[in-house]
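Notes follow the structure.
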Amino acid sequence: MSAYSRPVLLLLCGLLLFTISIAVLNTLVPLWLSHQQLPTWQVGMVSSSYFTGNLVGTLIAGRFIQQLGFNRSYHCSCILFALATCGLMLTVDFWSWLGWRFLAGIACALIWVIVESALLRSGTLTNRGQLLAAYMMVYYLGTVIGQLLLGIVSTQLLSVIPWVGALVITAMLPLLFAQFSHQSRHESPPIAVWPMLKRRSARLGINGCIISGVLLGSLYGLLPLYLSHKGMSDASVGGWMALLVSSGIIGQWPMGRMADRYGRLLVLRIQVFVVILGSVAILGNYAMAPALFILGCAGFTLYPVAMAWACEKASADELVAMNQALLMSYTLGSLAGPTMTSLLMQRYSDNLLFIMIAGVAFVYLMMLLRKPDHQQTPYAAV
C-alpha cells in the first residue's frame, strides 16, 4: 500500500502553498524594512521576533492539537498567519512589524508541528521515512518557488500582501477534503523535554541543531539584506536565495546516503568544514554562485544529520521528546543568530554575516574533532 494516501497528498498540497507564502515574506520583509531606512539591527530584531514566535508555537503546539485536532488547528493556524500578513499593510514601523512577525512565527511553527504529526500518525514504521522525506522536499520546493516568484511579480508591499494572503487562505482548502484523526490526551504520558537536552550521548547532535539554527536563521534573515546592500535588485536577491535553497534540496539525498554508509560523525565534520569553506570563499570575493551553492548544500543538510545523531540512543518512547528538544534547540539558534549577527553587521560591516557563520561552524568543528563519547562510528539503524 502506498504511503501517499489521498489525505497525505492533500496535506502536502496545502503545505506547498503555505510554504510559498512563507518564503516570499521571509525574503521581502527585511528588504521592505531596509527600503524604509530602518537600521540593520532593527531589521535583525524583526527577523528574530519571527523565530521567537517559532519557539512559542513549538511549545504550545501539542496542547493546541490536543484541544482542536489536526484539521481545525491547521485552519486556525492558517487564519492567524493570514491576519499577521495583512497586518503588515497597516503601517511600516519597527514595533508593529515586530508584533506581526511574532504572530506569523507562531502560526508557522504550529503548521509545521501539525503537518509533521499528522504525517507520522498517518504512516507506519516502514513508510514514515518516505513521508518525512516528501515533507522536506515539498517544504524546500515551496521555498524555491517563492524565491523565483520575486523575479516575476511586483515586490511592492501593497502588491504582494493581497496575493500572499489569498495564497494562505487557498492553502486551507485541501484539508476541507481530508480528515486526520488525532491522539487523545490520555493515549501517551506527558513528554519530558529537559532530560533529553541534558543527555550526554545526544550533546553533539543538540549542539549541531543549535549551530544549524544560527546558520540558517542568519542566512534567511540577513542574506537578502547583505545582497541588497551590494546593489542587487529585489528580483536578483530572490534568484540568489532560490539558488541557496535549491542547493539544499540537491544536497539532501547524497548527504543522507553518506551518513548511512560512512557514519554521521564523519559527515558532520565534512559538512561543517564545507560551511567554513563556502563562507571564506564569499568573503574572499570568489565566484558567488559556487560558493553559495556549497554553503547551501552543507548548511541545509546539517540539521537532519545532527538530529539523526541525537536520536540514535533514544528509545522509541523517547523519540517525540527528543525531537521536540531538537526543534527547540534549532529555534533558539535561529533566534540568537540574526540578533547577534545584525548587531555586528550594523556596528562593523556586512561581511560579519559570513564571519559569524564561519566562526560558529569552526567552534562546532572543534567539538566534532574531539573523541566522542557517543560511539566510535555512529551509523543509522537499518
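For all residues, glycine too, the Cβ spot is worked out from N, Cα and C.
Keep in mind that this is a model prediction, so the values were computed, not measured.
The transmembrane segment annotation in Swiss-Prot covers 8-28, 41-61, 73-93, 94-114, 133-153, 157-177, 208-228, 235-255, 265-284, 289-311, 325-345, 349-369 and is backed by sequence analysis.
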Mind checking which residues of the chain, 6+ beyond the ends of the transmembrane segment (157-177), have their Cβ under 8 Å from one of its Cβ atoms?
10-11, 13-15, 17-18, 20-21, 24-25, 28, 32, 71, 74-75, 78-79, 81-82, 85-86, 88-89, 92
Cβ-based contact of the transmembrane segment (133-153) with the transmembrane segment (235-255), 3 or more pairs under 8 Å:
yes
Before we move on, state whether the transmembrane segment (94-114) and the transmembrane segment (41-61) share at least 3 Cβ pairs under 8 Å, counting only pairs 6 or more apart in sequence.
yes
Contact between the transmembrane segment (325-345) and the transmembrane segment (235-255) is defined here as three or more C-beta pairs under 8 Å separated by at least 6 residues; is that satisfied?
no
Under a Cβ pair cut-off of under 8 Å, which of the recorded stretches 41-61, 265-284, 289-311 contacts the transmembrane segment (349-369) most often?
265-284
